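Notes for the one structure printed next.
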Ligand SMILES: CC(=O)SCCNC(=O)CCNC(=O)[C@H](O)C(C)(C)COP(=O)(O)OP(=O)(O)OC[C@H]1O[C@@H](n2cnc3c(N)ncnc32)[C@H](O)[C@@H]1OP(=O)(O)O
Ligand SMILES: O=CC(=O)O
Ligand SMILES: [Mg+2]
């Protein structure tokens, strides 16, 4: 089906998708077209600026706090008001947007549910449209679901979590919707559709249109979102500042502009979040193209050390000085079925992670699974109130600490784990699942990016493995073949392995694995 709104907006829907008629309305598409017309050229310029900046990093420049924005960092100012239903964000559950998981997450007892079109979603057209239908139904009061396999009925409980939606990052497109002959941005599509269909109903229910903004690389990208918000509020007749956003600090350039990002979005922002997994990925991608910046095994890169500890402490101090929430992040440990000891260890890992976060001053945290809500809630019960906004830590880590790499080893086990996880994750993604349990951990786009980025880095610089062996293309291909053999015949494993091989051996680092992977779906 192709729907033409006017000469500039065409929607091509290659297969009949449930709910398309409800979501792809003339009004909603007209709004997305207006966003595209006004903002897409700027989005593309900002993506090009990322690549130019990368060339400077490759030439040896290291990130620093920009001199030209010193006045913003040094001046006293605060962000705008925080809505009542966002004051207590102790535990936020995240997950994809299918009906069952949306209902389970909203009923999980968490304060917030972040419905995710980014790291936890493989952007199949069907999933995206159905996701928007589910979110719209939540605000229409008609969200329910019967599982076709088990026959179990799901409906919203008495006290659902507050809903926040994470649109895709600026780098992704939505090829099923074109305007002026070009695919629209995935971010503007996800944002625009949700805002158009849900803002009024969310406000009428005493909540509001709330968003998480992923993968920003600095203040200019935040300024773009700010302008998108101002334009959208006017288009929909909403009071300025009605849209509220929490920005993920999950790239190294953004971590050096946290004040500036809050300032750019001050009418709309309510907090920042430590997106630790993408942050590790960004650290490798942006600064790791050098033989003296080789990372250790993924498992050695923990939040209590080096650049990760430094950035989370700096984020807390920065946010609280400006009256903004300092949200913690996601521990990848998830419940382990059928092994009590392993399950206890997983719970202990999550508990320790959350206790560290609350002890450092975070106002709340993320969990990946309903069974972890209470664990996190118990850890955050040590706060004296609903948040720690009034605590401003004095000791703020500086540039050197923020650029300090983790010490640790690279091992054959670490290489093989990266191969296994990346192949299985990409295979799942190609099959339409954006988050999967692998080896007792939650894996999603961000965690898988770390695996393939490390493989590229270690290959490119022939890293020492287990102290005495240089990693090489031969070794990589041998271990990839081994791991593939051990995995057997699952769906999409072959194309996933081919893509991983291409990504790991490419002369130039691919910005996101989801870009070539998107060419392989739908
Ligand atoms: C780096 C980042 O960006 S983190 C944020 C992005 N990542 C995520 O959001 C991951 C969210 N988590 C998940 O997708 C899942 O928990 C996984 C993939 C990690 C594990 O999935 P599974 O092994 O299928 O979970 P499991 O079988 O234990 O699920 C048990 C029940 O809990 C539900 N459940 C599990 N996780 C969630 C969740 N995050 N939200 C809502 N419900 C959930 C399941 O739907 C299932 O419900 P049912 O009993 O009614 O059938
Ligand atoms: O989005 C969260 C992350 O850790 O990445
Ligand atoms: Mg992320």
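If you go along the chain as it appears here, the first residue is 1 and each next one adds 1.
Backbone N, Cα and C define each Cβ position, glycine as well.
Listed in TrEMBL:
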ACT_SITE  166  active site, proton acceptor
ACT_SITE  444  active site, proton donor
DOMAIN    17-70  domain 'Malate synthase N-terminal'
DOMAIN    162-390  domain 'Malate synthase TIM barrel'
DOMAIN    409-521  domain 'Malate synthase C-terminal'
Stretch-averaged pLDDT - the domain 'Malate synthase N-terminal' (17-70): 96
Statement: Secondary structure split (DSSP) over the domain 'Malate synthase N-terminal' (17-70) reads 41 helix, 0 strand, 13 coil
Query: Would you say which of the active-site residues 166, 444 has the most Cβ atoms within 10 Å of its own Cβ?
result: 444
- line: One should report the C-alpha separation between residue 166 (active site, proton acceptor) and residue 444 (active site, proton donor), rounded to whole angstrom, as 14
